Amino acid sequence: MATVSTGSLIFIVKKNSPMMSKLVFFWQNREKEFRDFGGFSEKSVYFCDTIDNRKRLILVVINREVLLMTFDAIDQLAVNTVRTLSMDAIQAANSGHPGLPMGAAPMAYVLWNHFMNINPKTSRNWSNRDRFILSAGHGSAMLYSLLHLAGYDLSVEDLKNFRQWGSKTPGHPEVNHTDGVEATTGPLGQGIANAVGMAMAEAHLAAKFNKPGFDIVDHYTFALNGDGDLMEGVSQEAASMAGHLKLGKLVLLYDSNDISLDGPTSMAFTEDVKGRFEAYGWQHILVKDGNDLEEIAAAIEAAKAETEKPTIIEVKTIIGFGAEKQGTSAVHGAPLGAEGIAFAKKAYQWTHQDFEVPAEVTERFAQGLQARGEKAEQAWNDLFAAYQAEYPELAAEYQKAFANEAAQVELEAHELGSSMASRVSSQQAIQQISEQVASFWGGSADLSASNNTMVKAETDFQPGHYEGRNIWFGVREFAMAAAMNGIALHGGTRVYGGTFFVFSNYLLPAVRMAALQNLPTVYVMTHDSIAVGEDGPTHEPIEQLASVRSMPNLNVIRPADGNETNAAWKRAIAETDRPTMLVLTRQNLPVLEGTKELAEDGLNKGAYILSEAKGDLDGIIIATGSEVKLAMDTQEALEAEGIHVRVVSMPSQNIFDEQSAEYKESILPAAVTKRLAIEAGSSFGWAKYVGLAGKTLTIDTWGASAPGNRIFEEYGFTVANATELYKSL
């Protein structure tokens, strides 16, 4: 029997059997049994109902030690401070979403001030901090209020400038823009997949670096989502993956308010969320009253006690709690107005000024989140110092992994006369990079044999083998890319993922978010053209190149042979603040003359002269990928007729666009207007390089089902046609 005394309360753990115990307490000589919140174990949670007007008490059993947790009026004042700061910021901006902050503030407060191990003084520099993602990014005013109260570099003045030009408080959270924000969110559902990626990274790094007595990677990933997030397909893909992977340190707090922008969720969302997530392999916990701080805390403890399953805590809330129109879509996405705010503040019994933070709330955050975070980080620093002494090589590798420095690798060159698909030369590069960059890992959306993404002699990332470097994302392209974003945001690894290029459409929203967040993810997109052949137009990319090239801050590289593929991978792995998309062939490509010597420098400038004209320059043929060989053959045919042309390989338009005016003029002189671009994709975007006087040999229709070489012939990708097209200039 274990006894814990706190004031006039005495708590006793009674062991009824070796496997079972129950908690009782004596209050004025009356015995009251605590309700079991999940079954007694080494880590369990119990709570009892209110007794004699006392607030409900929570007992937490951790390693059979009993801890007391309770909440008081200051905690409730802190919750209301989060609400009022959010309301005031939205009103000042005359723009924003008050419903979520007003309804979800209790769960967010309990999580932040009573559970999360974060240190505002060091912000995102402490690698073992807990992570929090606001997947429902429209609730950003709540996040900013929490960040301010927690002590991050976010002032009341910043809250007053919510959604204004140049402010630290944009409409949706942006990483690297606002101190303490872990991920850029807003497009619903993606934040959940980001959280899955972060939990994957935590599990992988823990398996790789932790040693007995040295759990240097040991943190939780929390995300807050709403009904809309769960309607999005990407959240379902990600939840399925997380359940399979048994990511026990992943916890979703579900703001279940039954309201969407259009009205009640009953109009479109009536499924059994509990049943769905349990089918995925998750633990589901229901909190019936979203204003009950004790019940929320008990649920979070129960979530942390489950180590074999991710947990979704469904918290039943009232959207816009306290507002005159609470519980309706009217409070979802528009300011309440002065009268509406006054009504809500009266409901909260709020007696302070606009944007005011009561001193006792500031003190409560100092005693809670700040003190706990500083203590936790100092304990981790001490642990890591001992780890460095015991495992110096691993410690150095850990520090290097989190430094996010450009990786430099050496790749074996491809010799003239050899031939292989660029997806195969990419696989060789992946293998060599994995041997030189220990933090490098990745996989494919169920196409590893086709994308050639698997690293040989490495284990698979699976439950019980989280050290594995081959990730099986399954047929979940969107979740793959969004989880990759979470992995990259977590830090400590370099991740890549592959699929067919035609399926890039499935994952572009996540690629966009990677580019927006400056994440150095790598996308291996194979089967890049009509050369796919027999599978037909559903699997033959046409518009994809033009689409991805239009995306800011994304390196799109379509290499012409093995040497350009090597150069592309070197560039990709050296990036620290930009994603890269490698567009690779299914069919074999011969190694071209000159690429061994010119490709690396040329690719890093986006375009280069691969073969100069043999006489006075008549014109220029520009090509990418598999069509560079056709350009070279066309040059030879034209040369036989006394027409001297230059062949420019342009593996990356966007990198070329970033070069100096002098370099671009040296490659594409303005005076040379006879230009032909050859690419097995859309003509869209090529006018920029060929000009009004130029022409393109491209494809502005759908592909066909036939052997790839036959399709190329039918679409005019022949030396004869290219020669005549050039001569028509």
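Keep in mind that glycine also has a Cβ here, set from the backbone N, Cα and C atoms.
Thiamine diphosphate is bound by H138, G186, P187, L188, N257, H332, F503 in Swiss-Prot, and the record lists one more residue there from G213, G228, G474, G533, which is G228. Within D227, D289, D292, the residue that Swiss-Prot lists together with N257, I259 for binding Mg(2+) is D227. Close to I259 (Mg(2+) binding site) in the fold, though at least 6 residues off in sequence, lie G99, D227, T265, I319, G327, T328, S329, H332, each with a CB less than 8 Å from its CB. Around L188 (thiamine diphosphate binding site), taking its Cβ as the centre, 21 other Cβ atoms fall within 10 Å, counting all chains.
For the recorded positions D227, E477, D535, the largest tally of other C-beta atoms within 10 A is found at E477.
F503 (thiamine diphosphate binding site) and D535 (substrate binding site) have their C-alpha atoms 13 Å apart, to the nearest angstrom. Listed in sequence order, G96, H97, L100, G171, H172, G186, G333 are the same-chain residues six or more apart from H138 (thiamine diphosphate binding site) with CB atoms under 8 A from its CB. Cβ atoms within 8 Å of the centroid of the Cβ atoms of D227, N257, I259 (the Mg(2+) site) belong to the same-chain residues G226, D255, S256, D258, S260, T265, T317, I319, site residues excluded. According to DSSP, H97 (substrate binding site) sits in a coil region rather than a helix or strand.
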